[in-house]
Amino acid sequence: SYHSTAVLEYSQVGVCCGFLLNQHYNPAFVSLQMMKHAWDNYKRYAWGLNELKPISKQGHSSNLFGNIQGATIVDALDTLYIMEMKEEFKEAKEWVEKSLDFSVNADVSVFEVNIRFVGGLLSAYYLSGEEVFRKKAVELGEKLLPAFNTPTGIPWALLNIKSGIGRNWPWASGGSSILAEFGTLHLEFVHLSHLSGNPVFAEKVMNIRKVLNRLDKPEGLYPNYLNPSSGQWGQHHVSIGGLGDSFYEYLLKAWLMSDKTDEDAKKMYYDAVQAIETHLIRKSSGGLTYIAEWKGGLLEHKMGHLTCFAGGMFALGADGAPSDKTGHHIELGAEIARTCHESYDRTRMKLGPEAFRFDGGVEAIATRQNEKYYILRPEVIETYMYMWRLTHDPKYREWGWEAVEALEKHCRVDGGYSGIRDVYINHENHDDVQQSFFLSETLKYLYLLFSEDDLLPFEHWVFNTEAHPLPVLHKDDGNKEENQK
């Protein structure tokens with residue numbers, strides 16, 4: 001069992017809102033208590049459904065999962081295990097054994113089902129060794145394979161799991177698939193091949209790379225849209241936030257997960273970072289570094305909350321950068337972390353908006369009503385965790401603690417944790433959804449931020465984009481698996 005050496009010695013303390021960061025509280029313990037509050041309420045009011053509505057105290061189902069149920073359970077498995085919530089983990093495992101059912105007649109998001117369900121099951125298997133998780137992961141992986149039945153092998157965004165018929169989002173440029181969606185299957189599918197002995201999963205995702213490598217990249221950048229029939233780019237929009245983000249993350253992590261043998265992924269990642277630096281990274285007049293969005297050569301000076309993951313990514317990749325660039329990549333990570341912290345600090349609630357701008361005289365502030373919401377997203381805390389692990393600068397723990405206090409003050413309700421519709425006003429206008437990724441990512445990254453580095457150390461584990469830890473595959477692992485069969 002993975003024991004954090006941040007000893008949780010405060011189990012007798014009644015925990016409520018508005019903690020102070022002092023010797024009386026162990027912050028890792030506080031994030032465990034937050035997990036307990038989120039989980040207990042999900043169990044009480046929405047057990048077996050996808051997510052919880054914490055104000056109405058009932059279940060919430062997103063159409064992303066079609067009719068597959070239990071997203072919060074599968075997404076939270078590894079967090080429960082890591083936090084040593086043994087009873088809760090046992091109940092969750094029993095539910096997976098008896099009730100997790102993939103034979104649904106509805107369209108699911110291939111990307112969301114992969115990162116939450118496949119990723120969650122793989123991680124639970126690797127941490128606990130329980131065979132049921134491996135079996136379910138491979139079963140679900142097999143059900144997703146028809147998504148790749150396109151002329152190019154670039155998968156559809158949506159798949160009817162029963163009929164095997166795929167399609168793309170109607171709003172995506174000319175019937176395109178989306179970079180962040182088809183580019184965020186690699187880690188899980190390589191592990192599916194590793195655990196099943198069936199090479200088809202890895203072959204499908206390696207083919208995606210081949211298609212991308214053959215294409216001309218405008219200014220070395222990857223547009224967000226690619227047509228799966230023609231194999232050509234759609235609109236030349238580029239983003240390191242939504243629609244693009246985790247594609248870049250998975251290039252770096254594919255290399256790290258391969259025990260640094262996947263040279264192709266490494267080259268694609270560092271080339272992409274160079275193009276991003278040249279064309280997208282800018283400094284505001286107030287000295288804040290941000291990553292703009294690129295629309296056919298024109299920059300939009302806006303950065304999404306999702307883009308804030310990139311601070312942690314740059315720092316994580318610093319070690320493999322050309323030797324004269326290592327310090328520069330860490331510095332870039334630190335700069336993005338600071339900008340994202342400012343986006344939190346400049347709101348009333350000290351929680352970051354969905355997107356913030358650097359134009360019209362504002363910096364790191366949301367100017368449009370539809371960008372002022374916060375849905376319990378993890379990306380800023382994720383970057384704090386990576387920056388802490390890689391630099392041990394205490395400000396990252398302080399910033400993480402500010403986020404804990406803000407979450408407790410504004411998002412915690414009797415029935416769990418809720419997102420907020422406007423982080424710039426004085427009173428909470430809750431959105432009434434406790435996202436499954438709050439348990440999978442936000443609370444896990446907080447716990448890791450306040451734990452010792454030997455809990456899921458980076459040399460042995462790589463986190464998928466939903467914060468599910470997957471082991472680094474060492475060169476001899478394949479033979480080992482074969483011998484065990």
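Here the Cβ of each residue, glycine as well, is placed from N, Cα and C on the backbone.
Just so it is clear, the model here is predicted, and its values are computed rather than measured.
Per TrEMBL, the features are as follows:
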- Glu112: active site, proton donor (ACT_SITE)
- Asp245: active site (ACT_SITE)
- Cys308-Cys340: disulfide bond (DISULFID)
- Glu354: active site, proton donor (ACT_SITE)
- Glu379: active site (ACT_SITE)
- Thr465: Ca(2+) binding site (BINDING)
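With respect to Glu112 (active site, proton donor), the closest of these recorded positions in Cα terms is Thr465, chosen from Asp245, Cys340, Glu379, Thr465. When other Cβ atoms within 10 Å of the Cβ of Cys308 (disulfide bond) are tallied across all protein chains shown, the result is 30. A straight line from the CA of Glu354 (active site, proton donor) to the CA of Cys308 (disulfide bond) spans 10 Å. Cβ environment of Asp245 (active site): Ala180, Ser239, Leu306, Thr307, Phe309, Ala310, Thr465 lie under 8 Å away, each six or more residues apart in the same chain. Taking CA atoms as the reference points, Cys308 (disulfide bond) and Glu379 (active site) are 5 Å apart. For Cys340 (disulfide bond), other Cβ atoms within 10 Å of its Cβ number 29. Cα to Cα, Glu379 (active site) and Cys340 (disulfide bond) are separated by 9 Å. Ranking the active-site residues Glu112, Glu354, Glu379 by the number of CB atoms within 10 A of their own CB puts Glu379 at the top. Take the CB of Thr465 (Ca(2+) binding site) and look out to 10 A: across all protein chains shown you find 25 other CB atoms.
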